[in-house]
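Scroll down for the structure; my scribbles are underneath it.
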Amino acid sequence: MPGARDALCHQALQLLAELCARGALEHDSCQDFIYHLRDRARPRLRDPDISVSLLTLVVTACGLALFGVSLFVSWKLCWVPWRERGLPSGSKDNNQEPLNYMDTETNEQENSEDFLDPPTPCPDSSMKISHTSPDIPLSTQTGIQENCAHGVRVQRQVTEPTSSARHNSIRRQLNLSNPDFNIQQLQKQEQLTGIGRIKPELYKQRSLDNDDGRRSNSKACGKLNFILKYDCDLEQLIVKIHKAVNLPAKDFSGTSDPYVKIYLLPDRKTKHQTKVHRKTLNPVFDEVFLFPVPYNDLEARKLHFSVYDFDRFSRHDLIGQVVVDHFLDLADFPRECILWKDIEYVTNDNVDLGELMFSLCYLPTAGRLTITIIKARNLKAMDITGASDPYVKVSLMCDGRRLKKRKTSTKRNTLNPVYNEAIVFDVPPENIDQIHLSIAVMDYDRVGHNEIIGVCQVGNEAERLGRDHWSEMLSYPRKPIAHWHSLVEKR
């Protein structure tokens, strides 16, 4: 029956087509019929075919994703272990280290102990690149006379116009809510903010003990050969420096550029210096120096030799020193005495940096602290010319904070500058016990940065003379108290 129905439909369609071709039917009806035939002749996808296609596409995508995941897992599980098995065991051990926190803490403690341990007495390994220059002329060996201080006007540095405003200013800088200095509040803040900080005071005692042990076990850094003789007619001590042997190397080339400075202590104004001998550890000087001194004064004098390594662009390294005293006990003295002395290693803390004289005066009613920088002597030479360009910087300190700072003028090309300059700080009486002064002698450098020659402190937190000077100032108000202070390295 379905076949007969299809044949009947086919005949009906042919009949309609012939009628349209003859024009027996309307044109619009024929056009609708033609469009209907075209639509029936166009191939169409059935709904089941569309569903199967979509399902096939989804299955293919999932299969590709699973295939990629399987490849990645197989590479991780199989390829990486196989590659590591091909490497030697030593490289694997070096690349993979277990995370052992206990070992890490132990290593940090060992590193800190190594950091705190003092260097060896003769730092042969601590070398630096040295750029030498021609020998220092003898014209720079003469002592520098102190500048005449007569007629020098005292300069005052005053900042605020009224004492009440100045006192309020310093209270604001001290973060005080009332005139009384709240020590407990500052200590509480320090405890709260000090968690996790490195406390240097925990290591001071150990470093001092190490320094004492190092000095007791110090060994010589070479030998110095020189000749002493006293001329009774001219009352002169004749010193001939012959040579030095077995000096430690200070340069990367394994050599040094040594020279020797000579003082007849306690006088440091008369200084002699040998020429610089380049790239040698066994220099031969053969230079003669004269020190005018009466024979009766020899017992109280000391001959001080300082052996340095010369460097044009940085500080000269101190190799060591030799001190000779009790000349009258030497064999054959005052005739010619040939001596060999060990060059003793000294740290930078033992280097004589010079002295600074200043006075302190406090006026309780006005709340004014005046420090007058008078002069300095025997400062350490920082320039190639054998001199320095010193100035003094004074800082008002409180609990490690710098509240104010002032500085003097710069004195050119001298090791014995004279200033006579007053610096004034406004400190209320209730705060005078909580502050201290930090004084630094600086070397001015026009090209590079200014270098610190030495420092000293005065106040209740200072040591020895600095504390005594401060206490004497408070005991005698309105009276200038002057003292000499030795300069030390900045810590």
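For all residues, glycine too, the Cβ spot is worked out from N, Cα and C.
Between the candidates Asp251, Asp383, Asp389, Swiss-Prot assigns the Ca(2+) 2 site shared with Asp309, Asp311, Asp317 to Asp251. Annotation for the binding-site residues Asp389, Asp445: lowest Cβ count within 10 Å of the residue's own Cβ, Asp445. In three-state terms derived from DSSP, Asp383 (Ca(2+) 4 binding site) belongs to neither a helical nor a strand segment and is classed as coil. Excluding Asp383, Asp389, Asp443, Asp445 themselves, the residues of that chain whose CB lies within 8 A of the CB mean position for the Ca(2+) 4 site are, in sequence, Met382, Ser388, Pro390, Tyr444, Asn450, Glu451. Annotation for Asp383 (Ca(2+) 4 binding site): spatial neighbours Asp389, Asn413, Asp443, criterion Cβ-Cβ under 8 Å with sequence separation of six or more.
The secondary structure of Asp443 (Ca(2+) 4 binding site), as reduced to three states from DSSP, is extended strand.
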